[in-house]
Amino acid sequence: MASLVTLPAIAFSNPATASGAVRLRAAAFRCWALRRRGWAVAAAVASPNSVLSEHAFKRLQLGSDDEDEEGPYGSDADEGFQGDEEELAIARLGLPDELVATLEKRGITHLFPIQRAVLIPALGGRDLIARAKTGTGKTLAFGIPMIKQLMEQDDGRSTRRGRTPRVLVLAPTRELAKQVEKEIKESAPKLGTVCVYGGVSYNVQQNALSRGVDVVVGTPGRIIDLINGGSLQLGEVQYLVLDEADQMLAVGFEEDVETILQQLPADRQSMLFSATMPSWVKKLSRRYLNNPLTIDLVGDQDEKLAEGIKLHAIPLTATSKRTILSDLITVYAKGGKTIVFTRTKKDADEVSLALTTSIASEALHGDISQHQRERTLNGFRQGKFTVLVATDVAARGLDIPNVDLIIHYELPNDPETFVHRSGRTGRAGKAGTAILMFTSSQKRTVMSLERDVGCKFEFISPPSIEEVLESSAEHVIATLRGVHPESTQYFLGAAEKLTEELGPHALASALAHLSGFSQPPSSRSLISYEQGWVTLQLTREPGYGRGFFSPRSVTGFLSDVCSAAADEVGKIYITADENVQGAVFDLPEEIAKDLLTMEVPPGNTLTKISKLPALQDDSPATDSYGRFSNDRGSRNRRSRGGGASRGRGGWDTDSEDRYRRGGRSLRSDNDSWSDDDWSGGGRKSNRSSSSFGGRSSSYGSRGSPSPSFGVRSSSLGGRESSRSFSGACFNCGESGHRASDCPNK
């Protein structure tokens, strides 16, 4: 529960709010009472120097017994109150008809809670600090009240050449700046709005400002350049917005922001939007905001993601990620837009290139020119391709409507990054899906992520071949329905001829070819996900055999039944069911077919499976994020319990998956053991290792990754290398440490 504060008596500029302090104390008490009764009231937390917005509470989620109480802005504001849905209708908010019309034309008929909570105090001239979850409509929260007041002030000023801006919006990234510009332009096309940022022509932006402007949106670096060059005058700025203020700190803009704020008129209205409140943001608000009202729609909630985002986590081997990625997109995106987040520029390029053979995709990262970057984003927005593979440069401020799927190809560097990556879907109240890929050694990291973010993953397996085929067919059918009728006329003759010859098989063949399955799909291992491999399950009934059931027992069994299978067996895992002795293992498809036709010893069952049972998990785990997660391990350490392999099974070396840190070349999570690190023959046991025939068999024990535990440093040839963190903690909001190192967790 938000703590209640003693509110000082405040002189309101609005005569209708003269007795506001008394009513605000009553609002605070009613909020406390509603929380006691179990109401999910969004927190509007007041600092000692701010006013608690009773109106924000009432408009969000108060009960019917409060409907007739007079709010701090007078009973006139509440006249005709009929409930949340009707009260959030923009047509009932007293906005200019022109603004209402443009919003409705864009399909915006109701406000979201953060927009409604901000509207009244913003129109009253209050300085604001607002917190809300990613994707909840913060841009229009400050945009609507500013546009309303600019429209009402307009006396022909918006057409005057050379006019200086009345609104300044600062954003940490060019993508966010462009998104804010787009929202304001589409909502108020008659206002002159200019977006300025680095990486593009300075002269073009100078010329745009010289023609006259009402709203300037930009990144701090380019804003300062234009101020120093005399192209941008801030003397008439009435409204300042700091959007995603906490990220100004993360990207190193704190000095630039303070320099800009010192250039602004003292009598302006300021609004600060920030997901977290690190110490720098608090200092900024104390120094540059006037008695700000804090509207907090996050409060102490553990859940940092917007509602409607379904979270999945999928365990994979490092070398199987690219194989499975296209199948995940096919099944879970359902033909919609997907953003795949990688850790490095190299990965983004390589993953995009690998996907292009089956799915149209483009890469987006820091080495791409601004011109190409804008072409790529526009193409993605327009649906010219459906998959964008991006580094975290795109996670902040990238606002693309109707993104259906987010895939974390690599673990994020910290929980904050996970939230903002995932927040690219499920925006504006829509549903979305986010899938986290991880290796077995990173399972503890995934659990830590659940704890830090306050979310819960549904653990899934890779889609089956049948699921991929079914989804592919649905996508192709949807595409065929979009073909223009005039185009089909040219192919009717050929279609009729084929139908006469082949019947329904003609259409089936066309669907298969368009889906990318001109040839039958090969089988795929459920363990390593390699094409051409099959996963079998061996089950032994109680009372049969002697000794402990182990991978060695499985290789002994295979040696007795089929020597070729024993020579080629891949990964072997023991099942977790305590009541049944069993194991799963991989074999090449042809050998598996032969093995399934052979007779097995009594009490044993051998089957081909389409879904993995629960397995024993004895692999070591890390508890670190992203690049600080060490999955390289010790080559001298043998795997414990659950997994062993023989022959060519197991993990392959991917020499391409390297990254550099501290001047040294290291392997990333995509590294694995080479066959040189493991001998297929292994060592012979001095005792019988198989209970299926008393024969001594040998197996190879693979080296198991032995990660280093620690977020800050990893061993680099005996030397310690640490990376400083300049951002803000996701848990407490203070700078200088990550959530995993937070002393307050």
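From the backbone N, Cα and C atoms, a Cβ is placed for every residue, glycine too.
Swiss-Prot tags one of the stretches 205-222, 511-528, 529-546, 727-744 as zinc finger, and that stretch is 727-744. Between the stretches 227-230, 243-246, 623-626, Swiss-Prot puts its motif 'DEAD box' entry on 243-246. From the options 88-116, 117-145, 175-203, 378-406, the stretch Swiss-Prot describes as motif 'Q motif' is 88-116. Distant neighbours of the motif 'DEAD box' (243-246): 138-139, 142, 169-172, 176, 180, 257, 272-278, 281, 284, 396-397, 728; these residues of the same chain sit at least 6 beyond its ends, with a Cβ under 8 Å from one of its Cβ atoms. When Cβ-Cβ distances below 8 Å are used as the criterion, the motif 'Q motif' (88-116) is approached by residues 42, 56, 59-60, 80, 130, 132, 136-138, 140-141, 144, 147-148, 151-152, 186-190, 295, 297, 428-429 of the same chain, each at least six residues removed from its ends. When pLDDT is averaged over the motif 'Q motif' (88-116), the result is 87.
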